[in-house]
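J.: What follows is a single structure, and I will ask about it in a moment.
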Amino acid sequence: TKPGYINAAFRSSKNNEAYFFINDKYVLLDYAPGSSRDKVLYGPTPVRDGFKSLNQTIFGSYGIDCSFDTENNEAFIFYENFCALIDYAPHSKKDKIILGPKKIADVFPFFEGTVFESGIDAAYRSTRGKEVYLFKGDQYARIDYGSNSMVNKEIKSISSGYPCFRNTIFESGADAAFASHKTNEVYFFKDDHYARVKVTPGGKLAIMDGVREIVDYWPSLKDIVPL
């Protein structure tokens, strides 16, 4: 990620809200899926101030470079080779750490000895069970955080699993991603561009409006990115 651009994002349990992480700060958006009516609800503010439980952690000091939502008000957050499971307690100051911070390989032992052990670039929650897709460079893996296992036990290239990304900037990787509240839609971000992708588990993948510049279609981020 270039400094000042979106490092990580995750979908909130609150409808049409998502958290975006930039440098050591974050912003809470109503991202108004499929429209340009998105607006800032909170921020940009330092992670350590908005999430008091992270104040004395690596995430409070340096920020969050990957994240994905799980159940209820919970999410996994990452920074370099560390991760934690948090209750982010939307619209309250009651956030807490449930697990960690621990090394990625300690929480997800199947990543030991793989490219994901040293850090994860982007991730999004699938609509299938407790599955999540994680990205590192031009590779991706599918995991099940319920059974804590890698699905199919293989790491694949983005170009093979996401043919819609061939010959785009996303073929070589993504900086951030999050699953929309609209079923089977995912947003991917890289530097000053984004793509909205239709993802049908086991089915076809398609970029919905092409790869676009964030500044043209996200009025809420226009004055924030780059931060």
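Glycine too: its Cβ is placed from the backbone N, Cα and C atoms.
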J.: Look at the Ca(2+) binding annotation in Swiss-Prot, where Asp65, Asp121, Asp175 are given, and name the residue from Asn7, Asn15 listed for that site too.
T.: Asn7
J.: Residues of the same chain, at least six outside the repeat 'Hemopexin 1' (3-46), with any C-beta under 8 angstroms of its C-beta?
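T.: Sequence-distant neighbours of the repeat 'Hemopexin 1' (3-46): 60-69, 72-73, 75, 77-78, 88, 90-91, 122, 125, 175-182, 185, 187, 189, 191-192, 196, 214, 217-221, 224-227.
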J.: Over all shown protein chains, what is the count of other CB atoms within 10 A of the CB belonging to Ser118 (spermine binding site)?
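T.: By my count, 13.
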J.: Could you count the residues of the repeat 'Hemopexin 2' (61-111) that DSSP puts in helix, in strand and in coil?
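T.: The breakdown for the repeat 'Hemopexin 2' (61-111) reads 9 helix, 24 strand, 18 coil.
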J.: Around the C-beta of Asn7 (Ca(2+) binding site), how many further C-beta atoms are within 10 angstroms, looking at every protein chain?
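T.: The Cβ of Asn7 (Ca(2+) binding site) has 27 Cβ neighbours within 10 Å.
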